[in-house]
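The Mn(2+) binding site annotation in TrEMBL covers B:His59, B:His107, B:Asp193, B:His197. What TrEMBL records for B:36-115 is domain 'Manganese/iron superoxide dismutase N-terminal'. Residues or ranges marked as domain 'Manganese/iron superoxide dismutase C-terminal' in TrEMBL: B:125-226.
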Amino acid sequence: MAIQTHSLPPLPYAYEALEPVISKQIMELHHQKHHQTYVNNLNAALAAQVTATQANDVRTLISLQQKIKFNGGGHINHTLFWKNLTPAGTPENDVIKVAPSLRDAIAARWGSHEGFVKAFSAELLGLQGSGWGWLVSKEGPRGQLEIVTTKDQDPVVKTDVPVFGVDMWEHAYYLQYLNNKAGYVEGIWKILNWAEAEKRYTSGVENLLKL
Amino acid sequence: MVALLASSARAALRSGASASFKTGAAGLTIARGKATLPDLSFDYGALEPSISGKIMEIHHKNHHNTYVTNYNNAIEQLQEAQAKNDISAQIALKPAINFNGGGHLNHSLFWENLAPKSAGGGEPPSGSLAQAIDGTYGSLDEFKNKFNTALAGIQGSGWAWLVKDKQTGQIGIRTYANQDPVVGQYQPLLGVDAWEHAYYLQYQNRKAEYFKAIWEVINWKAVEKRF
């Protein structure tokens, strides 16, 4: 049984394009090393699953679940993340112009855009250990908006639409911000791709790995 | 749970009016009822090349200190909640106490079980601990391999520990998520921090190199004392 293997998606911008918010060095390591490792380990786990399925080896199949979750989650999360970032000052970063539906829904839910940014940032800074912060649309497109955090590489639950995500693993910011993660969180808003967020909010995401 | 929280608050306050004192195993420094950042017994640069001076400085002065500050804040809030007999507020503080208190405990133990080579870092254990390691793992090298496999298997932030089971006296390797401390059935003997902040400035994604290099600066004498 041949299985389709996953591969590292190219970034939609150059490694240095997110500077000064995220350095070229961080982006290179994060994409070429960290994300690539999740892809490699996911492929290995899926191949082992095929073998175990053929051998009808249930114990091995069960032991592979966590590897698939962690590495598959890492692949999905990073794929979503790259796509929901954009170089500062690009039209996609202008929430007023490119995200009319999402902007209104956010204002309705949190009172104002600033109120939302404050609440989301507080969630990010409250994470204990490695994980992600997400804006999700509950139960499909144009659903109730919620801020959720997921630990380690857990992905957003399947029924919800990940409108955008922010990586709060230390490898996402440490070389540049060290222990000042508030500085990283402040910077993220300058490179958020609101056009991509609007698209996900209004239309959903059919396949998280084929954005 | 409330009783547990109350006792941890009492423990934190036990020092009363004394300026500061050191507890036994963990070497936690507590001054005037507050946890404080313990001094290192070596210079920041003394663990090079295994761990860079810059990592040690930020790790101690910034990361560890933040756990101390946030632990003290949480305990202060706990005292207020206890004074008001607000049980739900006391329970709600549990994650902050576990995370920040755990961060303080873990790092305090970690600094103690490290030493520069000039102060015996990396010199193999002796006596009953060496026997327990040989008996359980076959050899020190085999133990290190198993420990490094455990470290590499941590998904996210966390720690690996050599622990002693208080019920059986057996030693074992256990991993803990985030800043969960080694409490209860197990007694911490040797801990290695697998958070990215512990190695990223020097090793980036090559964490296996950090796990290999750290054995050069493990203070087995401190581990023997805990055993």
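Placed from the backbone N, Cα and C atoms, the Cβ positions cover glycine too.
Annotations in TrEMBL come from automatic prediction, not curation.
Features recorded in TrEMBL, as mapped to the structure shown.
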| residue | record | Cβ neighbours (10 Å) |
| --- | --- | --- |
| B:His59 | Mn(2+) binding site | 23 |
| B:His107 | Mn(2+) binding site | 24 |
| B:Asp193 | Mn(2+) binding site | 25 |
| B:His197 | Mn(2+) binding site | 18 |
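Each of the binding-site residues B:His59, B:His107, B:Asp193, B:His197 was checked for a CB under 8 angstroms from a CB of chain A; the ones meeting this are B:His197. In sequence order, B:His60, B:His63, B:His64, B:Phe110, B:Trp195, B:Ala198 are the same-chain residues whose CB sits within 8 A of the CB centroid of B:His59, B:His107, B:Asp193, B:His197, the residues recorded for Mn(2+) being left out. Annotation note: B:His107 (Mn(2+) binding site) sits in a helical segment as assigned by DSSP.
Counting residue by residue with DSSP, the domain 'Manganese/iron superoxide dismutase N-terminal' (B:36-115) contains 60 helix, 2 strand, 18 coil.
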